[in-house]
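Participant: Okay, handing you the structure first.
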Ligand code: E4P
């Protein structure tokens, strides 16, 4: 499973990139607002920090204007992945861009039928939003399960990018189902390393080690 971090905070990205755990980055207009940085400048900086896909989202609603924005964004770096909304204009833009060899992430996916459309439009990634689905009384994991089933039925190559992940169980369930990618806030990635028995075991080993009075090297 690939791990993307869902942030535009370059210091977080730089630190996580050093662990070797990061396969890519996703951003969205809200995350750019939160970072308080110039969109093009911060996207360039992120693209230099990671080798994998960096999703940068268009904000236009109509195809022609989406294409114009995508032209600007894809000049930033080879690893830019254009993020488009799951609308007819977004799908049309997706078809055109992937046809030209540009990576596209179709975002704001809330139904398996929408994901089917994204695959048919040749999307590189589709982003089903688990947490926002849960927030509205649906089961976000059912959405991932349905998309996996449909994509496998027809051997679609579009990768399922599990998004709007809020906690470790979302990651675990996405991995069980076979989502190709999980994009998570930095805190969720960091949280995955934690286990109370790891901490307890480490404390016990160090206490015994200190009793030996030895040093390594
Ligand atoms: C994905 O690409 C989105 O940026 C993100 O996962 C949305 O998450 P949220 O619902 O926590 O805002």
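For all residues, glycine too, the Cβ spot is worked out from N, Cα and C.
As annotated in TrEMBL:
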ACT_SITE  83  active site, schiff-base intermediate with substrate
Participant: With every protein chain in view, how many other Cβ atoms are within 10 Å of the Cβ of residue 83 (active site, schiff-base intermediate with substrate)?
Facilitator: 26
Participant: Helix, strand or coil at residue 83 (active site, schiff-base intermediate with substrate), per DSSP?
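Facilitator: It is in a strand.
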